[in-house]
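Visitor: Here you go, one structure.
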Amino acid sequence: MPMVENVRADRRRQVPRTDTLLADPQLAEAAERLGRELVKATVQRVQQRIREGAVLPAAAVDAVLAVLPATASSLRPVLNATGVLVHTNLGRAPLSAAAVAAVAAASGTTDVELDLATGRRGPRGEAALAALLAAVPAAEAALVVNNCAAALALVATTLGGELVIARGELVEIGDGFRIPELLGATGARLREVGTTNRVTLGDYRDALHAETGAVLKVHPSNFVVRGFTRAVPIAELAAGLAGRGVPLVADVGSGLLRPHPALPDEPDLQTTLADGADLVLASGDKLLGGPQAGIVLGRADLVQRLRRHPLYRALRVDKTTLAALEATLRGPVPPVPQMLAADVAGLRRRAEALAARLAAAGLDAVAVDSEARVGGGGAPEHPLPSAAVSLPEAFADPLRAGTRPVVGYRAGDRTLLDLRSVPPAADGELAAAVLEVAARWT
Ligand SMILES: *Cc1c(COP(=O)(O)O)cnc(C)c1O
């Protein structure tokens, strides 16, 4: 037998058997936690690596343990160093520790729709709705659905007839999601008013007729129109519609509860209602910093109509969303608002400390000033001053593919890791991920 085949045959004989490996106490424990099929598939991958000579037979168990996922889901935690605070591809808002704990506590059987004092059926998610009303006192009633798109679909289905909307607000939010197409899909008709750049109160008023279901205002959350422009502010529109019996619905998108000093152009729920909107709609996982959800706040009779519509049943949220939302509103300030409020001096100190640590290990790392963004449909063109660690460009791909994935961004021939979107407690992990990539090259 030629020598190469000899070596291969030898290796085949040495590959530990699947049953033997699965009986190993550590792998048996992993199978309890992750499921036998997942561990078995990983064992088979490692056996193949042994046949290829890439892993020593004696190291089989360790090799399996090294590549087993931490949970039975393949979704992995990623460090967001893009500087985009609400990154849709990275799951938008990271939940607060309080919200994560609330999700875990509500994950089993829980009193989401049962009054434990009386043993009777209770209103679903009452505490989360109460937390919303406490946070936005201008609202009479609240409802939570799957996301803001669901809130729009429910409003259009329940109130349309015809929805009056400004031409300049027929927006595409992202990834082909076009608000007019969503509204149209519900069977509601759209009555476009004004032009791309200008709309007046008169345009809205002229469009009203017996079949008008609502006037809809959509915040252009991912672009700005400059120059010869005019929109009708909520207060003016509300005053101009008074007595016409047509509800004014405002989709504000980002879910800010109150005005934010760093984001002067971003509408908020409290002010929009106080200015006279009958309903406001927003996402839970943007600037509010909570779980994916569509938040509806406003007039009690309208909220009640939405809740009674059969479609609501198809759009309602589960117990873990309600738990996370309540904890986001009642608990400590969640990560996204914290990141938004972080002062740039503190970010620079973190960038300098990290760069110094990496430079001490021989890496070409420096602290630089950068610009972060809200992202996810919020405050377009509004840069947030930030600080980043700058590394050679070659770091970008391996950092993303590492054991603890880090997503930064390229700027010229450098990879920047922006710290405004990284929780301060994760700086150590960030450094470790960079050092691990560097170690593979030396
Ligand atoms: C983001 C956004 C939406 C969509 O929200 P989802 O919660 O992702 O469905 C709708 N309208 C506006 C104005 C937005 O900014």
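Every residue gets a Cβ built from N, Cα and C, even glycine.
Just so you know, TrEMBL annotations never went through curation; they're auto-generated.
In case it's useful when we look at the structure, here is the feature table from TrEMBL:
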- 12-51: domain 'L-seryl-tRNA selenium transferase N-terminal' (DOMAIN)
- LYS286: N6-(pyridoxal phosphate)lysine (MOD_RES)
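Show me how these features fit into the structure around them.
Guide: The average pLDDT computed over the domain 'L-seryl-tRNA selenium transferase N-terminal' (12-51) stands at 94.
In the three-state DSSP assignment, the secondary structure recorded for LYS286 (N6-(pyridoxal phosphate)lysine) is coil.
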Visitor: Counting each residue once, how many in the domain 'L-seryl-tRNA selenium transferase N-terminal' (12-51) are helix, strand and coil under DSSP?
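Guide: The domain 'L-seryl-tRNA selenium transferase N-terminal' (12-51) comes out at 35 helix, 0 strand, 5 coil.
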